[in-house]
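Trainee: The structure under discussion is supplied below as structure tokens; questions concerning it will follow.
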Amino acid sequence: MAGINWLFYSLIPAFVLIHLFISPYTKVEESFNIQAVHDILIHGIPDRNAEQFFTANYDHISFPGSVPRTFVGALILSGLSRPWVGGVDGTARLQLLVRGVLGLSNAAALVWFGKSVQRAFGTSAGAWFALLQASQFHVMYYASRTLPNMFAFLFSTIALRGLMEAYANQWDSTRVSKNYRLSLYLLTFSGVVFRSELAILVATTTLYLFATGRASITKVILPAGLGGLFIGLLCTVPIDSFFWQSFPLWPEWTGFYYNTIQGHSTAWGVSPWHFYFANALPRLMLNPLTYLVCIPLALFNPATRSKSLDLLVPSLSFIAIYSFLPHKEWRFILYVIPGFTATAAAGASWIWNRRTKSIIYAGLSLALVGSVLVSFVASTLILGISSLNYPGGEALDFLQHQIPHPPGQQYQVYLDNLACQTGVTRFLENHDGAETVLDVLEAPELANRRAWAYSKVEDPETLLNPTFWAKFDYVLTERPEKIIGAWEVIHIVYGFGGIRVLRPGTPSEKLIAEEVYHTRKAEIGQTRVTSDVAEAWKVMEQKLRPLLLGWWVEVRMEPKIRILANHQKFALQWQ
């Protein structure tokens, strides 16, 4: 069984990569780190004229955001990706490589933690952990996404693995203390550098270990806490002060002060205290049997109770305390999911190992297998729907690779706010020619060889100036009526517009091409108005709806991004 477990563990990196390739674009929440990795890999790090270099080449100078973010994660990811850059053709594929490196790093941490679950709860528990974890949507989908939370998730999962190893090897006091120190050190480090909410998890874990007599203040708690704090500050302050050209700078403290102490995070919405328990946790776990049957059974069973409490008490305390903050998002508590899944795996293993001893265990085992299969199906369907949320990335890719462009010409493209928020990154932009400020300074003629130039100007006064728009060849926009001048809509990118339950006899909606600005039907051959996922959903409706007695869940598609071409510049092509 132990050898077969590697087959189950391989599901975790496999599904991370599947989610990556089916949904390759990014959203605005990931933009800082993905743009920072691009700039580090493509432009490099200056050893002179740093301020001028960053101003000319780095995205965070043009779009700094409300608070500065750390470059530590981007630097780590750039370093891990650097050896493989030479084997990648094009920067769009380089974005996949970078995200793949992050995703596989998180997958490796989960597999490593799964091996500790196997040692603590038994061989079959390791297999159940892999199955339950791989069938969850959120962890698999976001493992490769460059959110600050996913960099913190990597360290918090390794920290949780250290705790699991300590719980499983209580007889070796030296090894136990070492694992406790490592866990608290990593949690402290990631809280200092990546996500400040981990300070609460550090506190609840530390208090639990101290209250249960597991950790000494002088031998474990102080060395780990002070070490994590010192190394974290030693990493983030010099690095981020350099990249932001502002000393001293501790980005995570700045963000904590702005969002929590000053209360600006409430501008993004307020949720009730019970949101994490009643909404976020069930969604993150996905499989209802994990929290309705498996976790309660692991707590009820004397053989697994102690280790289950060790995993759950600090995490539940973290969620309870964090719930007092008004602004809540599921990604703020993602770090506890591997521990919850491990506890559920212990309960599932107890059921599975007794499936031949009674009809009750046999029925529960059958229900577990069925629930995992249903979770995989549900996760796959959610993946398909989620992949429809990136019209900006699809539009830019279509413009540059599906529309014919005569060679030797230069094109200027304007990208509006929605396009930038739903997939457009510097990795997708086509930047032939000058790549760094030194290129421009030392060889100005290189700049003229760039075939594509992009603008993301948001200034309202500039956008009302007709002269501003006259220079562009193409515009990617949500609202074509706001674009000044004579333009032709040459392509419409559709995206997710919601779902609705269709009763028997209710027809599904048909996609109708808009007639905006007299959209032409054959400028670029057959225009694809839906993604392959949306088309696959229609095929499934034809096959499965009769089996469901006419009931169906319809995925609605609606226009998101229009690609406009300058009518004056391309009039000859349309005649």
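Backbone N, Cα and C atoms are what each Cβ position is placed from, and that goes for glycine too.
Checked TrEMBL, it gives:
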type: TRANSMEM; residues: 6-25; note: transmembrane segment
type: TRANSMEM; residues: 146-164; note: transmembrane segment
type: TRANSMEM; residues: 184-210; note: transmembrane segment
type: TRANSMEM; residues: 222-244; note: transmembrane segment
type: TRANSMEM; residues: 280-300; note: transmembrane segment
type: TRANSMEM; residues: 309-326; note: transmembrane segment
type: TRANSMEM; residues: 332-352; note: transmembrane segment
type: TRANSMEM; residues: 359-385; note: transmembrane segment
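Buried or exposed, and what's around them? Tell me for each listed feature.
Mentor: Within the chain, the transmembrane segment (6-25) has long-range Cβ neighbours (under 8 A, six or more residues past its boundaries) at 95-96, 99-100, 103-104, 106-108, 110-111, 114-115, 126-127, 130-131, 133-134, 140-141, 143-144, 379, 383-384, 386-387, 390, 392-394, 422-423, 425, 428, 533.
Long-range contacts of the transmembrane segment (184-210) within the same chain, counting only residues at least 6 positions beyond its ends with a Cβ under 8 Å from a Cβ of the stretch, are 70, 72-73, 148-149, 151-152, 155-156, 158-159, 162-163, 217, 220-221, 223-225, 227-229, 231-233, 235-236, 252-253, 255-256, 260, 310, 313-315, 317-318, 321-322, 332, 335-336.
Non-local neighbours of the transmembrane segment (359-385) in the same chain are 15, 18-19, 22-23, 131-132, 134-137, 140-141, 286-289, 293-294, 348, 351-352, 496, 499, 533, 536-537, 555; each lies 6+ residues outside the stretch with a CB under 8 Å from one of its CB atoms.
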Trainee: Counting only pairs at least 6 apart in sequence, do the transmembrane segment (146-164) and the transmembrane segment (280-300) share 3+ Cβ pairs under 8 Å?
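Mentor: These two stretches do not touch.
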Trainee: So if I exclude everything within five residues of the ends of the transmembrane segment (309-326), which remaining residues of that chain have a CB under 8 angstroms from its CBs? That is, six or more out.
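Mentor: Same-chain residues near the transmembrane segment (309-326) but 6 or more away: 160, 163-164, 167, 197, 200-201, 204-205, 207-208, 260, 265-266, 270-271, 273-277, 281, 295, 299, 332-333, 336, 339-340, 342-343.
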Trainee: Which residues of the same chain, at least 6 past either end of the transmembrane segment (280-300), have a Cβ under 8 Å from a Cβ in it?
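Mentor: Here the qualifying positions are 132, 135-139, 308-309, 312, 319, 328-330, 333-334, 337, 340-341, 343-348, 350-351, 364, 367-368, 371-372, 374-375, 378-379.
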